[in-house]
Amino acid sequence: LVRLPFIWVNLMAGSPVCLANTRTWSFFCLGSRIREMPTTIPGNTTYIMISENGALEQIGACAFANLSRLAEITITKSKHLAFIHRDAFWNLPRLKYLTISNTGLKVLPDFSKINSAAQNILLDLQENIHIEVVPCNAFLGLGTDALNNHFPDSRFLMGNQMLSHIHGDAFDGAEGPVVLDISRTALSTLPESMLKKIKSLTAISVYSLRRLPSLHLFTELVQANLTYPSHCCAFSNFRKNRLAHVDEPQYFREYCKVQTEVTCHPKPDAFNPCEDIMGHTYLRVLIWIICILAIVGNSVVLLVLLTSHYKLNVPRFLMCHLAFADLCMGVYLLVIASVDIDTRSHYYNYGIDWQMSVGCQAAGFFTVFASELSVFTLTAITLERWHTITYAMQLERKLRLRHAAVIMAGGWAFAWLAALLPATGVASSYDKVSICLPMDVETPLSQGYVVLVLLLNVVAFLAVCACYLRIYTTVHNPQVIAPLTSMSDARVAKRMAVLIFTDFLCMAPISFFAISAALKWPLITVSHAKVLLVLFYPINSCANPFLYAFFTKSFKRDFFVLASHFGCFKAQAQMYRTETSSVQNGNWTPSPKTSDGTIYSLVHLTQHH
């Protein structure tokens, strides 16, 4: 304004200010309190600016009509401007810049009668926070040159926080825009008709835009500034041809035409690399094998143990909890494997929806709950074995079912709390990575949560090591355990030691690399971590049913007895019934065939010794 050839006057409150300058052909209404636009704008005006009109509520018909030289209109900072008549913009053949921002408009103005023939038109409609929809043919009148078909090259819709929909035909008849900015809006989709000529797309802080249209629509795109890093994966290896034609020979399109790469920001980060959930084919195959084994195996274990006619004792009670925990892990793997198949080769377009979804939160809850409950139960099984062997001759110190129930209630509470904290956002979160694990360590609380959980797992492993070392020394001491049970208990101890050490040995790599990452010293990438998470993290869930149940004598007895009710394996069931009856009557003596260590045999032996 200081460059204008007239003297600016210090305004008093309430004084209208609409100044016309005949030397610069400019018209200004600044800081005024008029409610409607004047109708005496000079016909040779080239620039109109309306700003900071706190009382301006509407712009009527023909307010900007037949201004043949008008090139720029700016209407800004008029919060109460709620209505612009559909005939307000009429016959403006040279209009090149149109800005309507920071107003109270609820409906987009009608531009169909502007009839501008100017090239490279810039349309700025930012910060009109009440506009919700861009209607059909909204920009039709901004270019009517029938010969050259010039349409707006730049459109700025950023800051319209309520704008949630652009009609599919909003840009009907136009091949533009070239530059489009929809930052800080509520758009969730982009009309396909507006994308063909876009060279620069800016969509920063558009959190509702979680999916991109087909990449083949971006035939001219060279620069994109987006909200989510995963969307840039779509353009990482995407090459386009500005003038591609379907009928051209393949070799010509690949080697002779000018190719363009898209510059995209923000770049994918270490937590979300440009790959599918399962980045390799062999991982995709393995995760299905493991999840099927885990679900089927643990379901069978639960079915057999819960329907058994034999009395529920402490070992079988703990085994039920272990099978349930491993079944939850199988459900987690099934969810991840299914989403991986569904989003294969297009995860960049589904990643945000998935990681922000209830499904990912549920999957993360299942895996943390299952992992911690499994570790807790394995530790409880080991402690029960140690207690049973150490106090085999002191029946008053025998671990009762009620004691085991109290212990497992504590385990459930701990596992539930550990899984719930990331789900509620209190500590860490499940939406950081595609496999829905709590890998967010940005805040001290999140970092402390991850480190604490991992350290508790390490402590559990050390406790198991100490217990089995004690069991091993105990069963080899004839002064503590009589020879009758010594041989059987030794087999139990050795077998259980192998099982527990195998379980925790599989978790050792996970714990090591996870703790290093939690301390912000990552030694491997997320892509490499997926290998560990598929090969080591869940493998115990499918192995435990076989190691703890299927290969044990007591489980075989329960299985055959259950199957006999359906007419199967009647001979085997009768053999196990006879043997069990002999044990209960005190007439059974161990033999090389019948004294093999099982998860239950030690209890029977110590009860009847």
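A Cβ is built for glycine as well, from the same backbone N, Cα and C atoms used for every other residue.
The annotation domain 'G-protein coupled receptors family 1 profile' is assigned in TrEMBL to 297-548. What TrEMBL lists as signal peptide is 1-20. Summarising the annotation, TrEMBL assigns transmembrane segment to 285-306, 318-341, 361-383, 404-428, 448-469, 496-519, 531-551.
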Recorded stretches the transmembrane segment (448-469) and the transmembrane segment (318-341) touching, at least 3 CB pairs under 8 Å: no
Same-chain residues at least 6 beyond the ends of the transmembrane segment (318-341) whose Cβ lies under 8 Å from its Cβ atoms: 276-278, 284, 287-288, 290-295, 297-299, 301-302, 305-306, 354, 359, 362-363, 366-367, 369-371, 373-374, 377-378, 380-381, 384, 404, 408, 411, 415, 435-436, 538, 540-542, 544-545, 548-549, 599
Distant-in-sequence neighbours of the transmembrane segment (361-383), which means Cβ under 8 A and at least six residues beyond its ends: 315, 318-319, 321-322, 324-329, 331-332, 335-336, 404, 407-408, 411-412, 414-416, 418-420, 422-423, 430-431, 436-438, 453, 457, 460, 463-464, 467-468, 496, 500, 503-504, 507, 537, 540-541, 544, 599
Residues of the parent chain within Cβ reach of the transmembrane segment (285-306), under 8 Å, 6 or more residues beyond its termini: 278, 316, 319-320, 323-324, 326-327, 329-331, 333-334, 336-337, 340, 534-535, 538-539, 541-542, 544-546, 548-550, 555, 558-559, 562
Segment confidence, the domain 'G-protein coupled receptors family 1 profile' (297-548), expressed as mean pLDDT: 81
